[in-house]
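Trainee: Take a look at what TrEMBL says about it:
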ACT_SITE  S125  active site
ACT_SITE  K128  active site, proton acceptor
ACT_SITE  S182  active site
BINDING   K288  substrate binding site
DOMAIN    91-317  domain 'Peptidase S11 D-alanyl-D-alanine carboxypeptidase A N-terminal'
REGION    36-72  region 'Disordered'
SIGNAL    1-22  signal peptide
Amino acid sequence: MLKNIVRWLVAASLAMPVAAVAQTAKEPRKTHAAAHHIAKKPGARNKTAQVKSAVRKTPSKVSITLRKPAPPPVSIRRSNLRHASMQTFSPGGPHLSSQSVLVLNGVTGEPLYEKNAGQRMPIASISKLMTAMVLLDMGVPMDDPVTVTDAEIDRLKNTTSRLAIGTTLTRREMLLLALMSSENRAANALARTSPGGLNAFVAKMNQKARQLGMKDTVFYEPTGLDTRNTSTAADLARMVRAAENYPLIRNFTTTPEHEVHIVRNRLLHYKNSNALVREGDWEIALQKTGYIQEAGRCMVMQATIGSQPLIIVLLAAGGSAARVNDAKTLKTWLESHPGNWLAQG
């Protein structure tokens, strides 16, 4: 009998702490719910205080974190095709190799696409457009003979030329070769034999640039072989618009090919340096290409796409066909957005 009583007392003493702990663990949740319920009733401030006191006395703490409601999603509107920075880096924009690009409405001058259009860089033989404008502004006789001399030898890049020393052509034909085939000796000979000589000619090139508002452009010589001949896509677009006013420049830059008769009835066949002109699938009113290693592949054009005249500037393209591929990519991309930019008939 005594043993049974002892066993009962031991079992009771072991069971009591477990029940107490279980009750204590549940107590905070009930107390918080009670406090919330009592706070809603008038005159329940004292009871609420008692409940809070009870919460502090419990061995377990209750942590409550109030989260702010998530802000509403931000609506981002894609820039319209008519904006100056349009689609430059948007997922829907064209992927181009050229490091600097500008496309303008040829009538209004409105930017349709740009990429680093204000970045200054070497422009290579794009310089020859300015050479041509300055020469034609002088009003010199275009049928006068011009002879290639040792002064035309390229000592900057050591490039070669098919125009041998002593070759004599008319000023008109020299200009044709300079613009159509980017013939460096022809361009230098034109500047050297102009009134005032080479240095005065280059000074006029820079003066003309300032007159056209080309504030980020400088010329050191007439061919573009010097890497210091630098400009921006924005400035070159101004130059293209100015060059459009010269019928001879429009004609010579878009001539697909030409044969030159030199001494001893030797015949030289020249082709346009722009593959787009030779292919004949584009409606191009004016163009000029350029290349030196530091400048990459460059191209400027006044071309009509979808009945709309456009000015296109592509600078520092990568591979040999990159500038042509970029132009074709731009054409396809522009034609796929006719509602945004094409002229309304």
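Cβ from N, Cα, C; glycine included.
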Trainee: How many Å lie between the Cα of K128 (active site, proton acceptor) and the Cα of K288 (substrate binding site)?
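Mentor: K128 (active site, proton acceptor) and K288 (substrate binding site) have their Cα atoms 8 Å apart.
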Trainee: Take the C-alpha atoms of S125 (active site) and the residue listed as 'substrate binding site' and report the distance between them in angstrom, rounded.
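Mentor: Computed Cα spacing between S125 (active site) and the residue listed as 'substrate binding site' is 8 Å.
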Trainee: Considering every residue in the domain 'Peptidase S11 D-alanyl-D-alanine carboxypeptidase A N-terminal' (91-317), what is the mean pLDDT value?
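Mentor: A mean pLDDT of 97 is what the predicted model shows over the domain 'Peptidase S11 D-alanyl-D-alanine carboxypeptidase A N-terminal' (91-317).
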Trainee: How would DSSP class the residue listed as 'substrate binding site' in three states?
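Mentor: DSSP assigns the residue listed as 'substrate binding site' to strand.
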Trainee: Within its own chain, what residues at least 6 apart in sequence put their Cβ under 8 Å from the Cβ of S182 (active site), listed in sequence order?
Mentor: S125, K128, S273, K288, T289, G290
